[in-house]
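Student: To start, I am sharing the structure in question, which I have written as structure tokens.
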Amino acid sequence: MVSWIISRLVVLIFGTLYPAYYSYKAVKSKDIKEYVKWMMYWIIFALFTTAETFTDIFLCWFPFYYELKIAFVAWLLSPYTKGSSLLYRKFVHPTLSSKEKEIDDCLVQAKDRSYDALVHYGKRGLNVAATAAVMAASKGQGALSERLRSFSMQDLSTIRGDGAPAPSGPPPPGSGRASGKHGQPKMSRSASESAGSSGTA
């Protein structure tokens, strides 16, 4: 664990930050020689980082594995060994030069396929989103209609009866007769009482 931490710190500081700063100085000074030197280093370092991803999984048990990584980074950076320049000129440049056309064709095909795949899956995503929106809207409308149907005619008539005003038309025919019948005895009784009082006087 300690060896892993030390190796990661060495690769981060001396393998990444230190070359990045000197690459900045080479770009700023417009020194072609230094610019080419650090470009070769970054190409080799990119290959090293790619290989490191797999070797850390399958070769981490190897004795002195992390110490060898530190030594390799120091060999790449050393101005005496010029390891990055040596690897680039002896191996990387001849290999890339011989396979450059095939690599370019593969990249163009991958770019076209990725664009087609992006368009295809983009359309599918839009169709799925539109379908989901339509289904959500239909479910909401169905729930509203079911809520309205839950009100029965009796509930509606009750609501209407509670809010309707009292009728203001003429009374029904039967009501006048009833009141007349009840009113006649009262009139005759009052007339007889007045007659009796006048006779005694």
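Backbone N, Cα and C atoms are what each Cβ position is placed from, and that goes for glycine too.
Features from TrEMBL:
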- 6-27: transmembrane segment (TRANSMEM)
- 39-64: transmembrane segment (TRANSMEM)
- 157-201: region 'Disordered' (REGION)
- 188-201: compositional bias 'Low complexity' (COMPBIAS)
Student: Go through the chain and flag residues at least 6 beyond the ends of the transmembrane segment (39-64) whose CB is under 8 A from any CB in it; none is fine as an answer.
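Tutor: Residues 4, 15-16, 19, 23, 72-73, 76-77, 83-85, 87-89, 92.
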Student: At a C-beta cut-off of under 8 Å, are there same-chain residues at least 6 beyond the transmembrane segment (6-27) that contact it? List them, or none.
Tutor: 34-35, 37-38, 41-42, 45, 66-67, 69-70, 73-74, 76-77
